[in-house]
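Down below is the structure, laid out as structure tokens.
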Amino acid sequence: MKVLALRHSVAQVYADTQIYIHDETKDDYENAFFISNLTTHNILYLNYSVKTLQILNKSGIAAVEIQKMDKLFTLIRCNFTYDYIDDVVYLHDYSYYTNNEIRTDQHWVTKTNIEDYLLPGWKLTYVGYNGNDTRGHYNFSFKCQNAATDDDAIIEYIYSNELDFQNFILKKIKERMTTSLPIARLSNRVFRDKLFKTLVSDHSKIVNVGPRNESMFTFLDHPSIKQFSNGPYLVKDTIKLKQERWLGKRLSQFDIGQYKNYVKCINNLISIYDMYHEKPIIYMLGSAPSYWIHDVKQYSNLKFETWDPLDTPYSDLHHKELFYISDVTKLKDNSILYIDIRTDRENADWKTWRKIVEEQTVNNLNIAYKYLSTGKAKVCCVKMTAMDLELPISAKLLHHPTTEIRSEFYLIMDIWDSKNIKRFIPKGVLYSYINNIITENVFIQQPFKLKTLRNEYVVALYALSNDFNNREDVIKLINNQKNALITVRINNTFKDEPKVGFKDIYDWTFLPTDFETNESIITSYDGCLGVFGLSISLASKPTGNNHLFMLSGTNKYFNMDQFANHMSISRRSHQIRFSESATSYSGYIFRDLSNNNFNLIGTNVENSVSGHVYNALIYYRYNYSFDLKRWIYLHSTNKASIEGGRYYEHAPIELIYACRSAREFAKLQDDLTVLRYSNEIENYINKVYSITYADDPNYFIGIKFKNIPYEYDVKVPHLTFGVLNISDSMVPDVVVILKKFKSELFRMDVTTSYTYMLSDEIYVANVSGVLSTYFKLYNAFYKEQITFGQSRMFIPHITLSFSNKKVVRIDSTRLNIDFIYLRKIKGDTVFDMAE
């Protein structure tokens, strides 16, 4: 949902939009809670409070102040990610298709012939990183840019088996127009940038697990971050390949040579980051034109020094000349060298050309060896061709997509590799490598071992759920890693499947109860955004590919009502109850009935079950930004930090009742996952709370009324307002609490309206209006370790007779309290109080 804050109403009506007027009788937190549970997508928030907007944004719900109608129109027609700290709105708006254009934030794409293969009459527009160049389109009080581009489709095409780009991009545009927006993917670029800038400023050692190509821009400016991936393809790995011949297959209609060079240079750069954690000088031989250097400089202040007889316009220092092996002495330490020398073929015949290429390959390799033979902190990426060669067995082979598969591949070596054992590799084996293997990731670092790191902050986004990881080892890592942000696939199946298919692999599934974390926040993508200063306008949908975000070591753990809080917890319930269910009271009715409380009079205002916990369990697929386990734990330890708002703390028994209701719901829905989740949350409640039951009571609290509107034959009809199991020495402690609650007890609006047979020969009258105070009293006794209340649900009633009677119904009648007392069962009254 998105909240657009206005000082005055608007005349125009928008679809899926609701108006909320700030309620001055409620504080900012209550207003935020009510807004978050509205069911429309767009909320026009009138007479707004800035504090309420802050609360919503911290909760991951995008809430933006609007001063002018053009702002309203811009934000209401599309989704966006909002940086509420720096006041920047990143639109995810594809309406630019109506201008017959596709967009890119990659400058190198504009230098290709891609426009020859677009839809008729269409053009390509460059918009800068994350749409930075579109800021001039929006003259707003906040910074605004459109981060939507078609780079995802362009890159997918490059790695696909499709050749016809026009058909491919047409299909992708149609898909985009007919399916829901992949909001997490779009906002993820904004999130990654914000996340790692924050972490680098707070932590000296950071480990990142499982990055993919889409992350490479973020890490260009963070050389200190240690990367772990799936490992490289080494020269020694070619021993598994059979010999093949030249294939000559075209991969792309438009020229993607710039992309190939781009990612190979980044491959090289990340390799030296991994070893030395500093930004190097980047040397390039055969550099022209390298338009992609412009893209690199959008993300980081890296320095390029280049050699080529042709121009390299974005180089910091370009030598318009050839580079010879004798020039290697000009190259400094703490550098990377990218050798891409290849003479143009011009009119040479095939045999002559092949001889030239092989000679240049040997020359390139010799330059690389000489560069690596002296000095320190060096890595080299060198262009090779398929030929009989001796190569270091530990050197890394690269074959990123290029316009055509021919004879070229690349080799990355560091100083140690260049001195390692060399193996003879036949030309046919190298052709087999070129023909069959595409390097899909610029991150080729070693795999991460699932073990706790003492001094590092571990980030593992979408990397650990794969079933090639041992599930128990993943759980152990998350439980024990002190500082981390780790995601795992949430189990949102209905049959409690332990693993689910994803693309060509399987992922383990998890629930929050699988982890035993202390001081860790377990939330959704939306909830995690709020922690790092971002919010989003479109909540995550239960697609089957959703993840738990687990933040360990965060200083926001105790801020329970600020981050990963209960905002939107009733939204799914409202959507169902006010549209599909038998009555809008269905949730209240079901919760009472499933706990054997059959008095439904006033059930919507006096419910015996925690609606928060119930909704968090049965609708967890729709909103798990609320960290239920943390909420339970902080209440159980009395460590919850509440910033504001009228806050009702549930008694632990109310939480138990909620689990029982959710379990009943799950059985009716045949939802095995919710069934397990409910059982495990109930077990967790019993673990963190020391709940004892007065199932063998020796004292009770009684309430005598001045008026009983029914006939009765018991001596003193009264309401048993809870039973206790205490020693006589604890009576004074009970009396202290009763005196503390005196005013609230006598203020209760107690009513009755019918009689019924509680069981055979027990004739009783119903009592309404006391449950809220009962649970508050329960909490007070619990905190003083006084055993109060039984394991079965408290059903307030007045016993009228110990014989069978005809039930009667009367108009709701108020019962006036005469006095309240504490009495020993089968004994004397030890305390009483009147108003």
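Heads up, the Cβ atoms here are built off N, Cα and C, so glycines get one too.
Pulled from Swiss-Prot:
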| type | residues | note |
| --- | --- | --- |
| ACT_SITE | H718 | active site, for 2'-5'-phosphodiesterase activity |
| ACT_SITE | T720 | active site, for 2'-5'-phosphodiesterase activity |
| ACT_SITE | H797 | active site, for 2'-5'-phosphodiesterase activity |
| ACT_SITE | T799 | active site, for 2'-5'-phosphodiesterase activity |
| REGION | 171-245 | region 'N7-methyltransferase activity' |
| REGION | 246-428 | region '2'-O-methyltransferase activity' |
| REGION | 429-555 | region 'N7-methyltransferase activity' |
| REGION | 556-692 | region 'GTase/RTPase activity' |
| REGION | 693-835 | region '2'-5'-phosphodiesterase activity' |
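Counting every protein chain shown, 19 other Cβ atoms lie within 10 Å of the Cβ of H797 (active site, for 2'-5'-phosphodiesterase activity). Of the recorded residues, H797 (active site, for 2'-5'-phosphodiesterase activity) and T720 (active site, for 2'-5'-phosphodiesterase activity) place their C-alpha atoms 7 Å from one another.
The C-beta environment of T720 (active site, for 2'-5'-phosphodiesterase activity), restricted to residues of the same chain at least 6 apart in sequence and closer than 8 Å, consists of F700, I701, G702. Neighbour density around each Cβ, counted as other Cβ atoms within 10 Å, peaks among the active-site residues H718, T799 at H718.
DSSP gives H797 (active site, for 2'-5'-phosphodiesterase activity) a strand state. T799 (active site, for 2'-5'-phosphodiesterase activity) sits 7 Å from H718 (active site, for 2'-5'-phosphodiesterase activity), taking the C-alpha atoms as the reference points.
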